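Shown next, in structure tokens, is the structure this report addresses.
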Amino acid sequence: MHILVVSVNYRTAPVEFREKLTFQATELEQAMTTLQKQKSVLENVIVSTCNRTEIYAVVDQLHTGRYYIKKFLADWFQLEIEEVAPYLTIFEQDGAIDHLFRVTCGLDSMVVGETQILGQIKDSFLEAQQVKATGTIFNELFKQVITLAKRAHSETTIGESAMSVSYAAVELGKKIFGELTDCHVLILGAGKMGELALQNLYGSGARKVTVMNRTLSKAEIMAEKYMGHAKPLSELQCALLEADILISSTGASDYVITKEMMTKVEKMRSGRPLFMVDIAVPRDIDPAIDELEGSFLYDIDDLQGVVEANRAERLKEAEKIQFMIEEEIVLFKTWLSTLGVVPLISALRDKALAIQSETMESLERKIPTLSDRERKVISKHTKSIINQLLKDPILVAKEIAAEEGADEKLALFAKIFDLEMEDVESRAEEVEHKRAWTPSVPSL
């Protein structure tokens, strides 16, 4: 089995391509279910955010897995593989494990050290579990990754000076206007990104804020928290007439604001400029609007320069976290290496318990006057003897599993204890394809 990551992210692809490969939240479960049926894929988790779409997979063959995951992406988004391939980055084995740790800890984010990605990774993992797209390997790996990310943020200061994308959008507005107290700000979208933007706006002194959303009640709830006003999306054109700054993050699949709409609006704004920050992927605002004289449009990729603040300080903390990651990778690989010995240990235990059971039956035939209590006491003590006898051999088997040439040594181990290899291999298949185990996931 191999661990594989297929990634398209802000480093490798511009926003105009990333938006073509963005999974909507409502389709993630179906996407993971479909991917799980692809040849070579044994487990999978799909993560899709404004800055990345990534497929994490356990595959039985690397070459086959790579091909079918690329094909899945192309088919799902109705593109040709040749269109998708140039923008993809592939991580395998140790590189894939390291990448997952780095992403979840915020080290691979546009804003180094941000914590939003941790919640997004956890949510994607839980959805994958719900549709039975994860198994023994990813259940253990993601649990370990989420735990480490929480520890990294609590034991370092990397998150204290990190900006979110929403914060960067507000900072851009402050660079343009200075004080935001007298600015009319329009927020499109009442999701997490929109609320973070509104929270940062309020903290920066903005009080003339309007929130718009397809569901008016959500906009009203969000606006009320920060002394803003809510309006239905049907009044968008009127709201654009009043706004000085627009921050948009709706999650819509099509443009919410078109060039045609803004052309009409500009004619009624009497030459007043409108600064628009589109942090949605797919984008909410038609990029052609930037051609208009009075509209100044920035997308999520344009925020890169803004988020450089305090970067040097955060990179020092990132080095500490990378060291923590390397330690965790060693622990995970040790666990992974012993996974193959589990069926062998199980077979050894079963054989010992079978002997104990036969011994108890023989004893009951020879001493039929034994009471129930006496039987239980004898059974308990004979099982205790078995556990004591097996303790050292099991520890040795686990150590052997982590060594080079483990297969030959474990085969000798099985021969010493007269274990049938066919039974062991059958158990190995059961472990490999196990889907039922669901570990507890650390809370955020």
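Cβ coordinates are placed from backbone N, Cα and C, and glycine is handled just like the others.
Taken from Swiss-Prot, the feature substrate binding site applies to Thr49, Cys50, Asn51, Arg52, Ser109, Glu114, Thr115, Gln116, Gln120. Look at Swiss-Prot and you will find Cys50 tagged as active site, nucleophile. Annotated site 'Important for activity' per Swiss-Prot: His99, in sequence order, evidence recorded as sequence analysis. Residues or ranges marked as NADP(+) binding site by Swiss-Prot: Gly189, Ala190, Gly191, Lys192, Met193, Gly194.
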>> Of the recorded positions His99, Gly189, Gly191, Lys192, Met193, which one has its Cα closest to the Cα of Asn51 (substrate binding site)?
In response: Met193
>> Around the C-beta of Gly191 (NADP(+) binding site), how many further C-beta atoms are within 10 angstroms, looking at every protein chain?
In response: 15
> Expressed to the nearest Å, what is the distance separating His99 (site 'Important for activity') and Gly191 (NADP(+) binding site) at their Cα atoms?
Replying inline: 27
> Between Gly194 (NADP(+) binding site) and Ser109 (substrate binding site), what C-alpha distance do you get in Å?
Replying inline: 19
> What does DSSP assign Met193 (NADP(+) binding site), in three states?
Replying inline: helix
>> In whole Å, how far does the CA atom of Gly191 (NADP(+) binding site) lie from that of Cys50 (active site, nucleophile)?
In response: 13
> Minimum Cβ neighbour count within 10 Å among the binding-site residues Asn51, Ser109, Gln120: which residue?
Replying inline: Gln120
> Between Gln120 (substrate binding site) and the residue listed as 'active site, nucleophile', what C-alpha distance do you get in Å?
Replying inline: 11
> So how many other Cβ atoms are close to Thr115 (substrate binding site), meaning within 10 Å of its Cβ?
Replying inline: 20
> substrate site residues Thr49, Cys50, Asn51, Arg52, Ser109, Glu114, Thr115, Gln116, Gln120: biggest Cα-Cα distance, Å?
Replying inline: 15
> Which residues of the same chain, at least 6 positions away in sequence, have a Cβ lying under 8 Å from the Cβ of Ala190 (NADP(+) binding site)?
Replying inline: Val211, Asn213, Thr215, Lys218, Ala219, Ile221, Met222
> Counting other CB atoms within 10 A of each CB, which of the recorded positions His99, Lys192 comes out lowest?
Replying inline: Lys192
> How long is the line from the C-alpha of Gly189 (NADP(+) binding site) to the C-alpha of Cys50 (active site, nucleophile), rounded to the nearest angstrom?
Replying inline: 14
> What residues, ordered by sequence, lie under 8 A Cβ-to-Cβ from Thr49 (substrate binding site) and sit at least six positions away in the same chain?
Replying inline: Ile117, Gln120, Val281
